[in-house]
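Trainee: Let me give you the structure first, and then I'll get to my questions.
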Amino acid sequence: MTKNQTWVTEFILLGFPLSLRIQMLLSGLFSLLYVFTLLGNGAILGLIWLDSRLHTPMYFFLSHLAIIDISYASNNVPKMLTNLGLNKRKTISFVPCTMQTFLYMAFAHTECLILVMMSYDRYMAICHPLQYSVIMRWGVCTVLAVTSWACGSLLALVHVVLILRLPFCGPHEINHFFCEILSVLKLACADTWLNQVVIFAASVFILVGPLCLVLVSYSRILAAILRIQSGEGRRKAFSTCSSHLCMVGLFFGSAIVMYMAPKSRHPEEQQKVLSLFYSLFNPMLNPLIYSLRNAEVKGALKRVLWKQRSK
């Protein structure tokens with residue numbers, strides 16, 4: 001970088017301000033959780049692929065959610081694990097940082113929309129069972145999934161384009177363990193008003209709007225479940241819907257606290273903890289929630305294991 005050129009070409013990720021020993025312990029713990037995330041979501045994908053009884057719209061959307069969780073964790077966690085326990089400067093170049101921000105936003109937006117599609121699928125299955133097979137055809141499910149990915153990626157691209165128009169001339173220390181968009185914007189040498197407005201508008205469109213749709217869907221689903229005469233049918237419907245509601249609560253709850261709730265005295269540390277939920281804990285917990293609370297997934301696992309033993 002020459003004397004007359006002050007543009008930042010790389011950033012320093014400050015990560016967690018902890019002692020080296022604690023960072024090494026966290027590195028081991030987070031590595032273990034990351035492996036569980038890959039194995040759990042990989043197992044969900046494998047079961048859906050191998051068991052024909054899971055070839056339904058609900059598990060089609062669940063497979064997309066598993067792909068998002070694997071991608072989400074793989075975008076943020078490896079860099080964090082590399083930096084944990086290092087005494088030297090933890091740098092990341094501008095282009096990889098921008099790419100990490102794009103992928104982070106794309107996966108987050110897409111997961112919001114996929115969760116809405118899953119709630120719509122449950123609404124049709126429980127409230128309109130006679131029309132379910134006609135409306136939720138494979139072609140329709142594919143269009144809904146592709147639309148979710150396209151909208152999520154397009155919104156993320158808008159955020160990145162608005163970041164690229166900003167000058168970064170120092171400081172160059174990101175108080176985070178990855179290139180989270182709010183932390184990156186704090187380093188800009190120009191007014192970020194437009195970026196903040198777009199982030200707020202996107203939060204309303206991609207967070208508040210979908211959450212309202214999910215809540216409306218489940219209010220009608222709950223009313224329909226309570227009208228079911230069969231105790232077994234009621235338990236099965238509650239089991240499937242409660243798994244999805246747990247996932248919705250984890251994802252939207254942490255997102256609302258992070259982007260829309262009043263900031264604490266230590267907003268940077270709050271963002272780091274909440275980002276851990278996004279990047280590591282939520283992706284790890286989603287397959288556990290579905291495997292422990294969903295009878296169909298547990299049944300599929302038993303059938304797959306039985307086939308392997310019979311060979």
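From the backbone N, Cα and C atoms, a Cβ is placed for every residue, glycine too.
Pulled these features from Swiss-Prot for this protein:
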TOPO_DOM  1-24  topological domain 'Extracellular'
CARBOHYD  Asn4  N-linked glycosylation site
TRANSMEM  25-48  transmembrane segment
TOPO_DOM  49-56  topological domain 'Cytoplasmic'
TRANSMEM  57-78  transmembrane segment
TOPO_DOM  79-100  topological domain 'Extracellular'
DISULFID  Cys97-Cys189  disulfide bond
TRANSMEM  101-120  transmembrane segment
TOPO_DOM  121-139  topological domain 'Cytoplasmic'
TRANSMEM  140-158  transmembrane segment
TOPO_DOM  159-196  topological domain 'Extracellular'
TRANSMEM  197-219  transmembrane segment
TOPO_DOM  220-236  topological domain 'Cytoplasmic'
TRANSMEM  237-259  transmembrane segment
TOPO_DOM  260-272  topological domain 'Extracellular'
TRANSMEM  273-292  transmembrane segment
TOPO_DOM  293-311  topological domain 'Cytoplasmic'
Trainee: Which one of these stretches, 57-78, 140-158, 197-219, has the most C-beta pairs shorter than 8 Å to the transmembrane segment (273-292)?
Mentor: 57-78
Trainee: Find, among the disulfide-bonded residues listed as Cys97, Cys189, the one whose Cβ has the highest number of other Cβ atoms within 10 Å in the structure shown.
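Mentor: For the disulfide-bonded residues Cys97, Cys189, the Cβ with the most other Cβ atoms within 10 Å is Cys97.
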Trainee: Top stretch among 25-48, 57-78, 197-219, 237-259 for CB pairs under 8 A with the transmembrane segment (101-120)?
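Mentor: The stretch I would name here is 57-78.
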Trainee: May I ask which of the stretches 25-48, 140-158, 197-219, 237-259 has the most CB pairs under 8 A with the transmembrane segment (57-78)?
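Mentor: If we count Cβ pairs closer than 8 Å to the transmembrane segment (57-78), 25-48 scores highest.
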Trainee: For a three-state summary based on DSSP, what are the helix, strand and coil counts in the topological domain 'Cytoplasmic' (49-56)?
Mentor: 5 helix, 0 strand, 3 coil
Trainee: For the topological domain 'Cytoplasmic' (49-56), what's the model's average pLDDT?
Mentor: 88
Trainee: If H, G and I count as helix, E and B as strand, and all else as coil, what does DSSP give for Cys189 (disulfide bond)?
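Mentor: The three-state answer is coil.
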